[in-house]
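Enquirer: Please see the structure below; I have some questions.
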């Protein structure tokens, strides 16, 4: 695979990159800056001879990939490529070589939301928070309509462009509900919905719960649905305006207990509509929790400045 292998080119890919001869390997790209590092991945700002633009390249390093993770990466590529929402960061292409698998994406001019919160003193004022949340509720509503659960909505997975929009990214934990039933305890602990925590606790001491093919007999198996993404939107809205997640504790078990039954304390200085939005999204019963599409009709969302 010395010359590399092109996995996919999406309709969003810029015209100057439509000819992928000579672009199918990492050695054909120039790394301008390193943007981040994960357990299995790194993200870099890259350029190539075919374009004057800069791009973000998510790199999965081959020596860190198990067969299971490789399958997960290919699922990530498929789901991200099929997503149709202007509030999701565009995936342009994916390719692989002997050293890794690479996802080429639009560069976010203003970086990620987690860094922006830190640079803003730890929280955002309501008008800015409302605009960001509106963008993300739109993204999640579109994903759910297309049968996709994101499962990792959090500030680190939100990018900010130069036009005031927030864009959802990182489909590494996403799931196609037409193919799989969600059961695994995945995501970031402070953002886990009660139904996910409950499954994890019921499985304590036994085999870890897993995602299952839809064709598999689900009798006696725990599962959860897209409402988990709505819960995460509520946590994010709270964190943006308050400065931290509402159920955070010093230990994992403490956080779990708070998620399942702790009191939701919303500061009184937040606008009444913002408080109500958070309470609705953080309804502990997933059957009573509004959908993302319903949240878009909440008065707090309807009162936003145009995004």
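Cβ coordinates come from backbone N, Cα and C, glycine included.
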Enquirer: Out of 58, 272, 288, which one does TrEMBL list together with 156, 157, 170 for ATP?
Expert: 58
Enquirer: Which residues in the same chain, at least 6 apart in sequence, have a Cβ under 8 Å from the Cβ of residue 170 (ATP binding site)?
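Expert: Spatial neighbours, sequence-distant, of residue 170 (ATP binding site): 152, 156, 157.
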Enquirer: CB neighbours of residue 154 (SUMO2 cross-link) within 10 A?
Expert: 19
